[in-house]
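Colleague: I'd like to ask some things about the structure below.
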Amino acid sequence: MQDFRFYPATLTNREIVEVYSGFLPELHVQAECRCPPSHPRVHPLVERYCIPNGVEDTTNDRVLRLNLNAHPLSYINDQDMGTTWLSKIMTTQELVEGLTITVDLVNGQYQIFYVIVQFGGLLPESVLIQRRRLDIAELESGIATEQPWLDWQYMANNCSVFEMQNNGPLLRPDSVNCLQLSSDLPFSGGNITFSLLTPEPNLRPGYNDFYNTPALQKMAHATQVRIHLSGQSNSRAAGVNQRHRYYAINEITISGRCECHGHADHCETSVKPYRCLCLPESHTEGNNCQRCAPLYNDKPFRSGDQLQPMNCRPCQCHGHALSCHYDEGVDEQPDEHYRGGGGVCDNCMYNTTGKNCELCRSGFFWLEESDPTSGDLCQPCNCNTAGTVNSSKECSEAGGQCQCKVAVTGRRCTDCLSGWYGLTASNPNGCTRCNCSDLGIINNATEGDHSCNPYTGLCQCKLHVTGLSCDRCEFGYWNLSHPDGCVPCDCDPLGSFSPYCEPEAGQCECKPGEHVEGRLCEVCLHGYHTLEQRNSLGCLPCVCDTHGTVPEGVCDMWTGQCPCREGVEGARCTNCVHNYYNRSLQLQNRLSQGCVPCVCDLRGIVAGSVCDSTTGQCVCVPTRYGKDCSSCRPGFYLSPDQSVCAECDCHPMGAALRGCERQTGQCVCVHPSVGGRRCDQCREMFFGFNPGLGRCEPCACDPLGSANGSCHPESGMCVCKLLVTGDKCNKCQPGASHFDPENHFGCSKEPFQQPAPVGVALSYSSIRLSWHPPDSPNSNRLNYTLIRDGQSVHTIQSHYPFSPESFEDTGLFPYNNYSYWVITANVVGAAISAAASYQTLGAPPEAEHLHLNLVGRAGPTTASFNWSTPRNDTGPVERFVLSSQEFGGAEPVVHYTGLSTEAVVSGLKPFTQYTVTLEACSSGGCSSTQPLSLLTASAPPRNQPPPRVTATGPHTLNASWDPPSQPNGVITRYEVFLRGPMETQNSSVPADEKRVFVSAGWLDLSVSPEAQLTNRSTVPPPESSTTVDDLEAFSTYQMKL
């Protein structure tokens, strides 16, 4: 359900809020005064006015919320110079006694730097400004007590009213004097100003070093400000209306800031007391950031200044304490904030102790390679007193090793050493020595690697080991040192006398005369083989053919197989393998020369045959002969693919013999007019082979009309020139004439199909034209005439063989069309090509019509330009090209190409001189503007090399440096910062840097040193070296430029 309420009058915005919240929204000036229904909204900028809803804040449609004649006290600080607070009209006595205005800063103590009182009427004759402040204890507790008022500043037309000197000296930072009010102040509407940190009219000590002047800082503190006004200038003179005897104040301005001790950038003033928002890196806490966080007291709390933040330094408690405190007695550098350290950890936890909770308590030890911040770092010793010297319960700090007796081991001294047993407290050695053979006992790593039972002392023999001390192998076994116990002898029954072996080396006793060897007597001697049960003689001797066996070859000891030479086989290497033969095979000397591979031509042998095993003769096919069957028999020759021998088959009348050349098959021809492999073809210049006579007839072609004197080999028809005909080429073709022996065509016709000329515009005044000869020139001589727009511009004669012709036509008009054709003529007639049109290129635009402008000022890396477009009477502009060149640079850089008339140039170097050029290009060329010079703006320097640092003593460092490789402007200042010593720093929270050197000057690296020397007015460059002293000896520092 919805709740509806009805009211007899329209509610304003604040009243609507009051209905729902129960509270009328607060206003600075007389919140009880409400807006009228016509203007229900309080003006957001000037709250004495009301405006309608839905209008701009700057509207003139506004009405007053307060009466025009109202002047409440809240006008005194409403930040509205259009309002004025008025006191009552005062008597003469009341003016003498004066009036006091107290301003409560409400939510805490601030640092106040000036107070301004802007009067709207007559000024007082004297003013006293006072303050109240809180002490440190009140700031810490948050409980304020009534403090006395402290004088801050006296002001008067004549300071004698305060029994003080006009503009008296300020001897201390917190001194108070009386300032004489200026006689130039207006009668009405003037102001008085109290400023704490200005040098005039009297210089206050420390005004320019506020952060290092504690007394001045203390003087700036205030929680309340009281202004006492007394007397009134000019109102007590004769004839002055007494109704002017009142004070009128437009505004009182008190300027200050939250007191955050330099450890905050902002504060929350909506709470009481106000709360500084402490910077995380400051490690401070409290409403005013007035103390260090619990674990950041390695140095005493210090306020930050404009150069050094003075952040609180962390204590190194390794996570084992919740707080620490500063002890000056343990600080090696108590006067230095960034060196030394006096932090002592409070109430170390997790059984730790020491200044930094870095040690373990007595009876505890720290685990090696453990995280030093772990809560389990320190562990109890828990020493076994029966095994420790003098029953000690203490252990080493690192690792926790207890102090064991001679024969005891383990971190807690709970185990006997290997070879010892029976740990007792009464035994001075702790344990008793075992009496076991080290070779015969079991070493069990899981039981502590004891050679005997650590409690009973009994020896534990390995497998097949015997004896009270486990010192020998059982019979039939050997190798006492084997990790698994003694191993069986395993003697070979065929080669040995018995199954027993020598217990140390395990050697079996081999049978004599059996030619065996080896530990087991299982291997035949060199030159013997096949030790088998069926062989009663033991190993048999090798019987290898010396000619078929490889040199120094011996048979296999297991199979007796001899190692044969190549091409030899058999157990004793006595036979040739397949496709090998022995040329000297004899019964008494079987392989004196070894086996030789058969060499047969596979294309000339019978398929599947092999050579003779004695002679090596291959089995040839009928058309082949020879030992390897590679030669053709007489009357045959090797076919072109060399696969078979083919029959010669020479012509019986044309050839002299029946045989032919064995490789090519060429027969020997009888008559010179005959050729061909079989001598059955006519040679060139002959025709009509007669098989009965074996000869041919000559062609007899007309040499004037014949192409080369040759004819068809069968019909005798001669090969004629292109325009000649007849069996013997002795007359012109129909339609042709002028029989000419020098004419490549023989006769001539009119030329036919002349191609049109091809043109290429070379410039705005010339065109190159080229053309090919006609498809049918029909003569050996041609005359060309090039026609341009009906007029002859070029004539040339060409001879066979014809090649393309060309001509450059010059003196033409820019960007103009021309028509060209070619007339080709010979002795018979002429041919005309088709016409072709070509246009000259546009002329370059006129440079005087180009205007390049820099738009605004050049930035560090960019600059904007625009330009005009020239007229295009002689051809259009096809592109603009904007380029720049660094002063003294090698090549220009193109930044823009196109038809726009503006562009932004980027990629420039800061503080660099450039010349910028614009080109306007047509199809026939470009013209450019005069170079436009510009200097890019400065930018922060880059690539500053680190300083070169040299230790010049135990407490001093010398640093020098070079300018940055990219100065990007004039270098005016160098600053050097130092951090260290690094040995005392917390790696997780590095210390703040401290500026140790500043130099100023003027270094312009774009100007040569010689030019700077000639300019006497040039400011010297900043110093580029310094010496830093008062450092700790043998320490590491970090330096930054």
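Cβ from N, Cα, C; glycine included.
Remember, TrEMBL labels are computer predictions, not curated facts.
Grabbed the feature section from TrEMBL, which reads as follows:
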type: DOMAIN; residues: 2-257; note: domain 'Laminin N-terminal'
type: DOMAIN; residues: 381-433; note: domain 'Laminin EGF-like'
type: DISULFID; residues: Cys404-Cys413; note: disulfide bond
type: DOMAIN; residues: 434-488; note: domain 'Laminin EGF-like'
type: DISULFID; residues: Cys461-Cys470; note: disulfide bond
type: DISULFID; residues: Cys489-Cys501; note: disulfide bond
type: DOMAIN; residues: 489-541; note: domain 'Laminin EGF-like'
type: DISULFID; residues: Cys491-Cys508; note: disulfide bond
type: DOMAIN; residues: 542-597; note: domain 'Laminin EGF-like'
type: DISULFID; residues: Cys564-Cys573; note: disulfide bond
type: DISULFID; residues: Cys648-Cys660; note: disulfide bond
type: DOMAIN; residues: 648-698; note: domain 'Laminin EGF-like'
type: DISULFID; residues: Cys650-Cys667; note: disulfide bond
type: DISULFID; residues: Cys682-Cys696; note: disulfide bond
type: DISULFID; residues: Cys699-Cys711; note: disulfide bond
type: DOMAIN; residues: 699-749; note: domain 'Laminin EGF-like'
type: DISULFID; residues: Cys701-Cys718; note: disulfide bond
type: DISULFID; residues: Cys720-Cys729; note: disulfide bond
type: DOMAIN; residues: 751-843; note: domain 'Fibronectin type-III'
type: DOMAIN; residues: 844-941; note: domain 'Fibronectin type-III'
type: REGION; residues: 938-965; note: region 'Disordered'
type: DOMAIN; residues: 945-1033; note: domain 'Fibronectin type-III'
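Give me the lay of the land around each of these features.
Modeller: The DSSP breakdown of the domain 'Laminin EGF-like' (381-433) into helical (H, G, I), extended (E, B) and coil residues amounts to 3 helix, 13 strand, 37 coil.
Over all protein chains present, the Cβ of Cys404 (disulfide bond) has 22 other Cβ atoms lying within 10 Å.
Reduced to three states, the DSSP call for Cys461 (disulfide bond) is strand. Within 10 Å of the Cβ of Cys461 (disulfide bond) there are 21 other Cβ atoms, across all protein chains.
In this structure, Cys489 (disulfide bond) belongs to neither helix nor strand by DSSP; it is coil. Long-range C-beta contacts of Cys489 (disulfide bond), restricted to its own chain and to partners at least six residues apart, with a cutoff below 8 Å, comprise Gly476, Tyr477, Trp478, Pro499, Tyr500, Cys501, Gly506, Cys508, Leu520.
Taking Cβ-Cβ distances under 8 Å and a sequence separation of 6 or more, the neighbours of Cys491 (disulfide bond) in its chain are Ser498, Pro499, Tyr500, Cys501, Cys508, Glu509, Leu520, Cys521.
Neighbours of Cys573 (disulfide bond), defined as other CB atoms within 10 A of its CB across all chains, total 23.
Annotation note: Cys660 (disulfide bond) sits in a coil segment as assigned by DSSP. Annotation for Cys660 (disulfide bond): spatial neighbours Gly635, Tyr637, Cys648, Cys650, Gln666, Cys667, Val668, Arg677, criterion Cβ-Cβ under 8 Å with sequence separation of six or more.
Taking the domain 'Laminin EGF-like' (648-698) as a whole, pLDDT averages 89 in the prediction.
According to DSSP, Cys667 (disulfide bond) is assigned to coil rather than to any helix or strand.
The Cβ of Cys682 (disulfide bond) lies under 8 Å from the Cβ of Ser673, Val674, Gly675, Gly688, Phe689, Cys696, Pro713, each of which sits 6+ residues away along the same chain.
Around Cys711 (disulfide bond), the same-chain residues at least 6 positions away in sequence with a Cβ under 8 Å from its Cβ are Met685, Phe687, Cys699, Cys701, Met717, Cys718, Val719.
Secondary structure counts, DSSP: the domain 'Laminin EGF-like' (699-749) has 0 helix, 15 strand, 36 coil.
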Colleague: Cα-Cα separation of Cys461 (disulfide bond) and Cys413 (disulfide bond), in Å?
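Modeller: Cα to Cα, Cys461 (disulfide bond) and Cys413 (disulfide bond) are separated by 27 Å.
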Colleague: So which residues does the region 'Disordered' (938-965) touch in its own chain, when a touch means Cβ under 8 Å and the partner is 6 or more beyond its ends?
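Modeller: For the region 'Disordered' (938-965), the nonlocal Cβ contacts are 860-861, 910-911, 971, 974, 976, 997, 1003, 1005, 1024-1034, 1037, 1039-1041.
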Colleague: Tell me, how many other CB atoms lie within 10 A of the CB of Cys564 (disulfide bond), whichever protein chain they belong to?
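Modeller: There are 23 such Cβ atoms around Cys564 (disulfide bond).
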Colleague: How many Å lie between the Cα of Cys470 (disulfide bond) and the Cα of Cys573 (disulfide bond)?
Modeller: 57
Colleague: With Cys413 (disulfide bond) as the reference Cα, tell me which of the disulfide-bonded residues Cys564, Cys573, Cys720, Cys729 is the closest one.
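Modeller: Spatially nearest to Cys413 (disulfide bond) by Cα position is Cys564.
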Colleague: Within 10 angstroms of the C-beta of Cys650 (disulfide bond), what count of other C-beta atoms is obtained when all protein chains are considered?
Modeller: 23
Colleague: Rounded to the nearest Å, what's the C-alpha distance separating Cys729 (disulfide bond) and Cys564 (disulfide bond)? Just drop the number here, would you?
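Modeller: Cys729 (disulfide bond) to Cys564 (disulfide bond), Cα-Cα distance: 82 Å.
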Colleague: Round to the nearest Å and give the CA-to-CA distance linking Cys564 (disulfide bond) with Cys404 (disulfide bond).
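Modeller: On Cα coordinates alone, these residues lie 74 Å apart.
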Colleague: Sorted by position, what residues of the same chain at least six away from Cys720 (disulfide bond) have a C-beta under 8 A from it?
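Modeller: Gly705, Ser706, Ala707, Gly726, Cys729, Gly746 - these are the non-local Cβ neighbours of Cys720 (disulfide bond), listed in sequence order.
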Colleague: Using all protein chains in view, find how many other C-beta atoms are within 10 Å of the C-beta of Cys413 (disulfide bond).
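Modeller: The answer is 23.
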Colleague: Could you give the Cα-Cα distance between Cys404 (disulfide bond) and Cys573 (disulfide bond), in whole Å?
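Modeller: Checking the Cα atoms of Cys404 (disulfide bond) and Cys573 (disulfide bond) gives a distance of 77 Å.
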